[in-house]
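Undergrad: Quick one: the structure is below, questions incoming.
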Amino acid sequence: MVNEGPNQEERDDTPAPESALQADPSVSVHPSVSINPSVSVHPSSSAHPSALAQPSGLAHPSSSGPEDLSVIKVSRRRWAVVLVFSCYSMCNAFQWIQYGSINNIFMHFYGVSAFAIDWLSMCYMLTYIPLLLPVAWLLEKFGLRTIALTGSALNCLGAWVKLGSLKPHLFPVTVVGQVICSVAQVFILGMPSRIASVWFGANEVSTACSVAVFGNQLGIAIGFLVPPVLVPNVEDRDKLAYHISIMFYIIGGVATLLLILVFIVFKEKPKYPPSRAQSLSYALTSPDASYLGSIAQLFKNLNFVLLVITYGLNAGAFYALSTLLNRMVIWHYPGEEVNAGRIGLTIVIAGMLGAVISGIWLDRSKTYKETTLVVYIMTLVGMVVYTFTLNLGHLWVVFITAGTMGFFMTGYLPLGFEFAVELTYPESEGISSGLLNISAQVFGIIFTISQGQIIDNYGTKPGNIFLCLFLTLGAALTAFIKPDLRRQKANKETPENKLQEEEEESNTSKVPTAVSEDHL
C-alpha cells in the first residue's frame, strides 16, 4: 500500500478532484473497513459484517491524496520506470557475483582463502537480514522514489570505493566497497512487486514483476560472463591490478549513469491508480496502521508462511550454486574459468527466459498455485540431472543440464513474489517481498557455507545432493499452499475498467467511472 501523504505526490501534477464514487452512507469509511469477508483491510482487526463496504463503492481515503480514485488508467511512464529500475538492479547484481565468478583469480591477487572470497558474495545475504525491516518501513514512509534514489546512490558509491583496492594488501577496502553495495541491495530486492502493483494494470502486473526481476538476473548473467574475459588468469599481480581496474572503472561509470537516470525518470506513482485493486488499496490506506502488526498478521497466514519457507529453499539453493559454480567447474575441468562463467551465464539467461514466460502465463491464466508447483518440481528434476552429469567429462552436457535447471530455478523467483502478493493482499508488497528475501538470504548463507564445506571434504556430487534434498522438501511444502488469490478477488469485485493510456501532459477532463444501480 502507498501512503497518500503530500510527499508522495508527483511534482508536475496537481491534485485530482475527489472521487465521484461515494460509499454507501451506511458504510463506515474508517480505514479498518473490509472489502469482503475474505480480504481484511486493516492488518490488526477484522471488520464486523455490518461494516462491510459494498463491492461497487469506494471508501474515501483516510487522508487526501492526488489520485482521482474513480479513474482507472495506466501511465505511459510505467515502462520507463520499470526499465530504469531493472538496469540499476542489474548493476548491483553484477557486483554481487563479480568476485565469485573468478574466485581463484581474486584468491591469488589478494592472497586470501576461497572462504574469504565466498564471503564477498555472502555479505549480500548477511546484510539483508537485519536491514530488511527498517528499509521496508522506509519504503512505506517515504515511498518508491526515495528508496530508488537511495539504493542507486549506495550502489554507485560502493562501485567507486572498490577502485581504492587495487593493491594486494588492500583486501579490506574491497570488502568495504562490497558491503556498501550489499546495503544498496536491501533497497532493491523488495521493489519489483511494489513497482508492478503501483504502476501496472491488473493484466500486466505479473509481466512487469518479471521484467523487474529480469534485470537482477541479467546482472548475474553478465557477472558470470564479463569478469573472466576482462580479468584473465595471469601470475603477474601488477597486470592483474590493471585488468581489475578496467572492470571496476566500467562498473563505476555505469552505476553513475544509472543514478542520473533514476533521478530523472523515477516518480513516486502515477496520477491515477492503474487497477481496481490498487485503487482500493489507496482508498483504504490507514496512516495509523501498525507496521509490526502488519508483519504479525502476515505470519498468521499459513499459506504465506509456507511460501516464505519454500521460496527461501529455492532461492537459497540458487545463491549457493551461483557462488560456488566456479569452484565446482574448476574441480572437474581445470583451467576452464571462462567456460565456468559461460555456464553461469547459461543458467541465468535460461532463467530469465523462464521468468518472462512465467509472468506472461500468470497474467493470462492466473494459475498461481499450479504454475508455482510445476516450476518447483521441474527445478528439482533439473538439479538432479545436473548433479549426476557434472562429472561426465563433457562440458557441452553441463551447459545443457545447467541451462535446463536454470530455466526453472531462476524462473521461479518472480513467481514467488507475485504469489506472495496474491496471498497477502492488501498488505504492503514491500513487506511480503522483503520477508521472502530474508528467507532466501538465510537459506543462501546456510547452503553456501554447508555446500562449500561438503565440496571441500567430499566432492561436488555430495554437495549437490545436499541441495536436492532441500528442494524436495520445498516441492512437498508447495503442494500444501492453498491458492487464496485475494488480489484477484478484489479486481473482480466490479467489472474491470478498460485501461486507457494516460496523456500526462494533456488537460483532459477526468470522467468518473460509471457504476450501475444494481452494484450500488
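Each Cβ is built from the backbone N, Cα and C atoms, and glycine gets one as well.
Unlike curated entries, TrEMBL annotations are predicted automatically.
I grabbed these lines from TrEMBL:
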type     : residues : note
REGION   : 1-64     : region 'Disordered'
COMPBIAS : 25-50    : compositional bias 'Low complexity'
TRANSMEM : 79-99    : transmembrane segment
DOMAIN   : 81-486   : domain 'Major facilitator superfamily (MFS) profile'
TRANSMEM : 119-139  : transmembrane segment
TRANSMEM : 146-163  : transmembrane segment
TRANSMEM : 169-193  : transmembrane segment
TRANSMEM : 205-226  : transmembrane segment
TRANSMEM : 246-266  : transmembrane segment
TRANSMEM : 302-321  : transmembrane segment
TRANSMEM : 341-361  : transmembrane segment
TRANSMEM : 373-389  : transmembrane segment
TRANSMEM : 395-415  : transmembrane segment
TRANSMEM : 435-455  : transmembrane segment
TRANSMEM : 461-481  : transmembrane segment
REGION   : 488-520  : region 'Disordered'
COMPBIAS : 488-500  : compositional bias 'Basic and acidic residues'
Undergrad: Can the transmembrane segment (146-163) be said to touch the transmembrane segment (79-99) if we require at least 3 CB pairs below 8 Å and skip pairs under 6 apart in sequence?
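TA: Yes, these stretches are in contact.
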Undergrad: For the transmembrane segment (461-481), find every same-chain residue at least 6 residues outside the stretch whose CB is under 8 Å from a CB in it, and list them.
TA: 303, 306-307, 309-310, 313-314, 316-317, 320-321, 324, 328, 369, 372-373, 376-377, 379-380, 383-384, 386-388, 390-391, 419, 423, 443, 447, 450-452, 454-455
Undergrad: Are there residues at least 6 beyond the ends of the transmembrane segment (302-321) whose Cβ is under 8 Å from a Cβ of it, and what are they?
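TA: For the transmembrane segment (302-321), the list is 121, 125, 347, 376, 379, 383, 409-410, 412-413, 416, 419-420, 423-424, 432, 435-448, 451, 467, 470-471, 473-475, 477-478, 480-482, 484.
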Undergrad: Do the transmembrane segment (435-455) and the transmembrane segment (373-389) come close, with at least three CB pairs under 8 A (pairs 6 or more apart in sequence)?
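TA: Checked: the transmembrane segment (435-455) vs the transmembrane segment (373-389), no contact.
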Undergrad: Check the transmembrane segment (79-99) against the transmembrane segment (373-389) for contact, please; criterion is three or more CB pairs under 8 Å, pairs 6 or more apart in sequence.
TA: no
Undergrad: Are the transmembrane segment (395-415) and the transmembrane segment (205-226) close, by which I mean at least 3 Cβ pairs under 8 Å that are 6+ residues apart in sequence?
TA: yes
